[in-house]
Structure formats: C-alpha cells, structure tokens
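K.L.:
Dropping the structure in here first, questions after.
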Amino acid sequence: MPAGSRRSWGWHALADPFAAALVADADVRPGQLVVDLGAGDGAITRHLVDAGARVLAVEKHPRRAAALRERFDGSGVTVVPADLRDLRLPRRPFRVVANPPFSLTSASLRLLLAPGSALVGAHLVLQRQAARTIVERGVAVRRAGRWRFELGRTLPRRAFTPRPRVDTVVLVVRRR
Ligand SMILES: C[S@@+](CC[C@H](N)C(=O)[O-])C[C@H]1O[C@@H](n2cnc3c(N)ncnc32)[C@H](O)[C@@H]1O
C-alpha cells in the first residue's frame, strides 16, 4: 500500500449526521475538555465545538492538521499535529470522542487507559469485532477494574467515505 494513500492513513471520514449523533450520544457539556484522536477534516471536532467543549484535535497528517488549524481558528480548538501514539495526555480530567484509524485501536486504548490517565470517559468508533472482544473479554488494564466497557451505537458502512470493509460500532468507556 503506498505510504501516502488514504488507506495507509486509515481514512474513513464520518458523514456529518453520524458525527452529530456520536457527539450527542457522548453528552458533551460546555467547558469540558475533549480529545478527538485522528481529527481528520474536523467532522467530530465541529460538533464538539458546537457543544461548547474545549477540544484537543490530534491529527498526524500534516495537511489535515494545517486545515484544522485554519478551520477552527478562534473556536477553542488546539490542534496537535502529532502521532497519537506519542501523545502526552492532559493532566486534568478529559473525555474522548473520536474515530481513530482501526489499526490504532490497541494503541489508543493503551494510551487512554494507562495508569494515571485522567480520562473520564470515551466514545470511540471501532471495528465491531474489536469492540465486542473488548466488551466481552476486556483489555489488559481492565484487570485493574477501573473501567466499564459497553457497546454504543452501530454505524452503517454508508456513514463513512470511503466505506470500510468491516462493520463498526461505538465503544463506550466509562470510569467506574
Ligand atoms: C478514520 S479517519 C477519521 C477522521 C475524522 N475524525 C472523521 O471522523 O471524519 C482517521 C484519521 O486519523 C489520522 N491518523 C492516522 N494515523 C494517525 C496517527 N498515528 N496519529 C494521529 N492521527 C492519525 C488520519 O490522517 C485520519 O485523518
């Protein structure tokens, strides 16, 4: 796969009504700090801003990160042009609402659920099978008993451009 191809970036942009529904499900409140991992063109970021959140929009693709900066200038959005795997998470309580690349599911969860994380809760768009496995069997950190995992809304393949080859669902993570 060519390194610059959309597939290599895990690019599956969420259509606006589904991004709106995802953010509504997350019940984001004004003033909350919310991290959007793999913010892309800002499909989710936009609704987080509308909900009054302060947003950290993490995006590794340089052109997309630059476009995000321009789009959300003055909107309470901090664009972090970084690989999410290298991210230093906020120290103050934060939430995550995101549609990260499927290939980074484990890395995202390792990051967010690491000991000392100030994560309060997350709504993550994941491959259905991966999300099911997490809910049924947990992830390593679940042994600590600190997190609850549930399946949220199912997203149809037509919710994305390009359409993914797998089914997707929202994984809801809550601190116990
Ligand atoms: C599935 S798309 C989601 C885009 C947008 N959030 C949406 O829902 O329409 C994943 C995004 O993650 C970005 N990405 C890929 N690898 C990344 C990485 N290692 N760190 C941060 N962002 C990454 C891609 O450039 C792409 O914009």
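Numbers here mean position along the shown chain, with the first residue as 1.
Glycine is treated like the rest: Cβ placed from N, Cα and C.
So TrEMBL says this about it:
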type	residues	note
BINDING	His12, Leu14, Gly38, Glu59, Asp83, Asn99	S-adenosyl-L-methionine binding site
DOMAIN	18-176	domain 'Ribosomal RNA adenine methylase transferase N-terminal'
K.L.:
For Leu14 (S-adenosyl-L-methionine binding site), name the DSSP secondary structure in the helix/strand/coil scheme.
P.N.:
strand
K.L.:
Which of these binding-site residues has the least crowded Cβ, counting other Cβ atoms within 10 Å: Glu59, Asp83?
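P.N.:
Result for the binding-site residues Glu59, Asp83: minimum number of other Cβ atoms within 10 Å at Asp83.
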K.L.:
So, in DSSP terms, is Asn99 (S-adenosyl-L-methionine binding site) helix, strand, or coil?
P.N.:
coil
K.L.:
Does Leu14 (S-adenosyl-L-methionine binding site) have same-chain partners at least 6 apart in sequence with Cβ under 8 Å from its own Cβ, and which are they?
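P.N.:
In sequence order, the residues whose Cβ lies under 8 Å from that of Leu14 (S-adenosyl-L-methionine binding site) (at least 6 apart) are Leu22, Ala43, Ile44, Asn99, Val125, Leu155, Ala159, Phe160.
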K.L.:
Which whole number is the mean pLDDT over the domain 'Ribosomal RNA adenine methylase transferase N-terminal' (18-176)?
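P.N.:
Across the domain 'Ribosomal RNA adenine methylase transferase N-terminal' (18-176), the average pLDDT comes out at 94.
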K.L.:
What whole-number value in Å do you get for the largest C-alpha pair distance within His12, Leu14, Gly38, Glu59, Asp83, Asn99, the residues recorded as binding S-adenosyl-L-methionine?
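P.N.:
Looking at His12, Leu14, Gly38, Glu59, Asp83, Asn99 as a set, their Cα atoms extend up to 20 Å apart.
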K.L.:
Measure the Cβ-based neighbour count of Gly38 (S-adenosyl-L-methionine binding site), defined as the other Cβ atoms within 10 Å of its Cβ.
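P.N.:
Looking across every protein chain shown, the total is 23.
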K.L.:
In this structure, which of the binding-site residues His12, Asn99 has the fewest other Cβ atoms within 10 Å of its Cβ?
P.N.:
His12
